[in-house]
Amino acid sequence: MMPEDYDFINACYGRPVTRTPVWLMRQAGRYLPQYRKIRERVKFLELCKTPELAAEVTLQPVDALGVDAAILFSDILIPIEAMGQNLFYRPAPVLEPPVRTAADVEALRVLQPEQDVPFVLETIRLLRRELDGRVPLIGFGGAPFTLACYMVEGAGSRHFLALKRLMYQAPETYARLMDKITDTSIVYLRAQAEAGAQALQVFDSWGGILSPADYQRYVLPYSRRLLSALGDFGIPLIHFVKGAGAMLDLVAMAGGQVVGLDWCTSLNRARDILGNGMAVQGNLDPSVLLGAQDIIEREVRRILDENAGRPGHIFNLGHGILPEVPPENAAFLVDCVHRLTQS
């Protein structure tokens, strides 16, 4: 299929669609029994690094739910391992040793995709063959700030105080770290596009922990450089910053065609702020999928009503789908969006 034949691609550019496209963040995951069956015999990192299995898992929600896009099964921390930190899952991710000093930063190296992550590129090539034009394939990576949060903290955190301490006490070291991560993110995502990804999403899961002023100073320059470096491929770029409702104008300044919204942001307000030149993606609260199907349909209708038929809307969750969600509710959501918006 040509790019103009995909509702997902058309929505990213604000072009007419036959119906509102929908896909779900973390749509390949633990809520699907077929995914859990694979995970019974394979550890998470091994799954990410085995192209045949990663491709199989990527395709599961396409077949089971009828989503309008596939997203590469991987993890945002994969490129960090190649930079020189050890990556473990216990079961949450742990990075050792944490990056805390100027010497730690200098010891990091910029990723070389074909050498360091050939499995990611082979998974993309395999998926393009297996999808055979059914739906477009989204590649993805972490935003520089979110990757820095994990690298400095060494694990997930509620407040990321080690990262903020570095940011405020050693701004030159912080800037050098962010430059190295941005350089890695650029070559990593460019390699995904060259391998065949038809859209790219940049996940900034922790960008919302900062004030708008700090986001503008410490995050925006690097996210803008990353997105700018991906613009020559002619594919849609989606920028998702969780918790960014108070600074959507700054998020839009980073570039790309689509701003992802979490569920704490009014879609109607977001569209007013962003204007007609920027598409939006979102933004159902993932926990709604734990409810009855009449509740799911009510919330789908509310979000569609907030969008008011404006072009450039991709329906999605406001964050990743929860492992506890019944698969039939996820399938109902996709069907509901399609049914209510079919032209």
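Any Cβ shown, glycine's included, is placed from N, Cα and C.
The following features are taken from Swiss-Prot:
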| type | residues | note |
| --- | --- | --- |
| BINDING | R26, Q27, A28, G29, R30, D75, Y150, S205, H319 | substrate binding site |
| SITE | D75 | site 'Transition state stabilizer' |
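Less than 8 angstroms from the CB of A28 (substrate binding site) sit Y35, V57, T58, Q60, P61, I71, F73, each of them six or more residues away in the same chain. When the Cα atoms are compared, D75 (site 'Transition state stabilizer') and R26 (substrate binding site) turn out to be 10 Å apart.
According to DSSP, Y150 (substrate binding site) sits within a helical segment. Taken over all pairs of the listed substrate-binding residues (R26, Q27, A28, G29, R30, D75, Y150, S205, H319), the Cα spread reaches a maximum of 23 Å, rounded to the nearest whole number. Listed binding-site residues: R26, R30, H319. The one with the lowest count of other Cβ atoms within 10 Å of its Cβ is R30. Counting only same-chain residues at least 6 apart in sequence, those with a Cβ under 8 Å from the Cβ of Y150 (substrate binding site) are L77, I80, P93, L95, G156.
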